[in-house]
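Q: First the structure, then my questions, so here it is.
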Amino acid sequence: MLLLWALLALGCLRCGWTVNLQPQLASVTFATNNPTLTTVALEKPLCMFDSSEPLSGSYEVYLYAMVDSAMSRNVSVQDSAGVPLSTTFRQTQGGRSGPYKAAAFDLTPCGDLPSLDAVGDVTQASEILNAYLVRVGNNGTCFWDPNFQGLCNPPLTAATEYRFKYVLVNMSTGLVQDQTLWSDPIWTNRPIPYSAIDTWPGRRSGGMIVITSILGSLPFFLLVGFAGAIILSFVDMGSSDGEMTHDSQITQEAVPKTLGTSEPSYSSVNRGPPLDRAEVFSSKLQD
């Protein structure tokens, strides 16, 4: 049903006059959380500028953004010669002093749009979203990168009212061919104060409480286990030293030494009789 509604909305865009059209927020079918604190997703002007007849030549669509003010509905995005403005986010203080060019993309012909029936296909979802949507404020690094050369689309300011406008530019002449009206004011989300965040455990489920308790006590058990491992290692080292000392004492006692003589004692060598006894024994044999 939502896909049929989206197709019907695109068909209605073809029936309307270009001067009466405004940029619109993306449908919840494509962007569920929109706007965010720093981004706004808009529907691209599909079948808007070429609704009456196909365009011949090379065209691009420029998207301009500015902070809402009393005069923002009448602000022009081109000079007196019809050349579109090239002002940047930095030059306009984030759109507060005037409109800046937030995005630029090729104009896709109506007949070349991807089918919305495949929006549920994960492999084609990114392509379809890029074809139908443009997101303002999705580049968080270009503003702080001094070497960035492309079109910078920095994050928007939270809780701020913005307006947007599409401009069709003929790339052959570099002049504005057509443009939409400024959009209605669109607010970015407001950050939730810390005091408003509900931290009462009574509103949490039983599973959340159990998981939180386990995670909270896990460091204590790890610390106890680590301390026990250190103590056991010291105990094992002490018992090993005692055994080595006992063995060395037994070895020393097993090798006695004769007092009053300098002859070394070898416990493992079978020594013969003394020299005087050997001489007596040999004399008896001769007799």
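Just so it is clear, glycine is given a Cβ too, placed from its N, Cα and C backbone atoms.
The structure displayed is predicted, hence computed values, not measured ones.
Sharing the feature lines straight out of Swiss-Prot:
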type: SIGNAL; residues: 1-18; note: signal peptide
type: TOPO_DOM; residues: 19-207; note: topological domain 'Lumenal'
type: CARBOHYD; residues: ASN74; note: N-linked glycosylation site
type: CARBOHYD; residues: ASN139; note: N-linked glycosylation site
type: CARBOHYD; residues: ASN170; note: N-linked glycosylation site
type: TRANSMEM; residues: 208-235; note: transmembrane segment
type: TOPO_DOM; residues: 236-287; note: topological domain 'Cytoplasmic'
type: REGION; residues: 243-287; note: region 'Disordered'
type: COMPBIAS; residues: 259-270; note: compositional bias 'Polar residues'
Q: Please report the Cα separation of ASN74 (N-linked glycosylation site) and ASN170 (N-linked glycosylation site) in Å, rounded to an integer.
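A: Given the Cα positions, ASN74 (N-linked glycosylation site) is 23 Å from ASN170 (N-linked glycosylation site).
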Q: Please report the number of other Cβ atoms within 10 Å of the Cβ of ASN74 (N-linked glycosylation site).
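A: There are 7 of them.
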Q: Please identify which of ASN139, ASN170 has the densest Cβ environment, defined as other Cβ atoms within 10 Å, among these glycosylation sites.
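A: Selected residue: ASN139.
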Q: What three-state secondary structure does DSSP assign to ASN170 (N-linked glycosylation site)?
A: strand
